[in-house]
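Here's what TrEMBL has on this protein:
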TRANSMEM  20-40  transmembrane segment
TRANSMEM  60-86  transmembrane segment
DOMAIN    60-263  domain 'ABC transmembrane type-1'
TRANSMEM  98-119  transmembrane segment
TRANSMEM  139-160  transmembrane segment
TRANSMEM  189-210  transmembrane segment
TRANSMEM  245-263  transmembrane segment
Amino acid sequence: MTRARPARGGAVTLALPWPVWVPAIVGFGLIAVPVAGLVVRTDWPDFGALITTDAALDALLLSLQTGLISTALCLLLGTPLALVLARSNLPGLPVLRSIVLLPLVLPPVVGGLTLLFLLGRTGPIGQLANDWFGITIPFSTPAVIIAQTFVAMPFLVVSLEGALRTAGERYEIVAATLGASPLTALRRVTIPVVLPGLISGSVLAFARALGEFGATIAFAGNLQGTTQTLPLLIYIQSQNDLDGAVAMSLVLVVVAVLVIVATRTRDASGVR
């Protein structure tokens, strides 16, 4: 049973029962131990050389560029989508929400194939783009961005919709009562109130885009300097250069940790 215990200043805190601590420690270990093993396995004397090869630098730069662009697209498209899901009364809203969440549960390779069937040369949109404008979408850098946006946008939508529902509509109603237009209320009231959720969703989307593998390799291929992002390079290196794969994996871990720390620091500095 959870027991109350006195804390400093006279406040009372609740002690967690031991059955909670045991699985919590195991769960933490399941996450932390493999990462620690990656650090131990790294070839530190040659680490600098391993992460500064032409292929490594190309993959890192491409991953950061496409990750940032896809995150911007997630913000541009996902923010209105979350507003529709949280604030509108459209018929069939549960069905719409289920479709939006599909990339969360679909295997990424399946997502890549659906994009290929839609935007490939023989797909309905891809064929039009090729015939009318001479544009071939698959196996190009834009294909990487599309694949990353496809798998990452639900993370932003879920986070922002939750923030919108938690905030409620009371502030927007007050703004409307005071004469604010819907657009003004959205810009001056709604967005500032749900900003932490928007930031969290953006970070999740960026992290998901940065680690995307399945949809990218199915839709964009694995061309160095064009579509080969860090996860694809790591996969290729794991076949014949394990030290290089471990080093680049550690780089990906460091980038992810820096993004999370930066976001948490921003939250702690007063963004609520």
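Cβ atoms here come from the backbone N, Cα and C positions, even for glycine.
TrEMBL annotations: computationally assigned, not manually curated.
Highest Cβ contact count with the transmembrane segment (20-40) among the listed stretches 60-86, 139-160, 245-263 falls to 245-263 (criterion: pairs under 8 Å). Same-chain residues lying 6+ beyond the ends of the transmembrane segment (245-263) with a Cβ under 8 Å from its Cβ atoms: 35, 38-39, 41-43, 46-47, 50-51, 56, 59-60, 64, 199-200, 203, 206-207, 210-211, 230-231, 233-235, 237-238. Below 8 angstroms of C-beta separation, residues 51, 93, 96-97, 100, 141, 144-145, 148-149, 152-153, 155-157, 160-161, 164-165, 186, 190, 198, 201-202, 205-206, 209-210, 225-231, 251, 255 of the same chain, each at least six residues beyond the ends of the transmembrane segment (60-86), sit close to that stretch.
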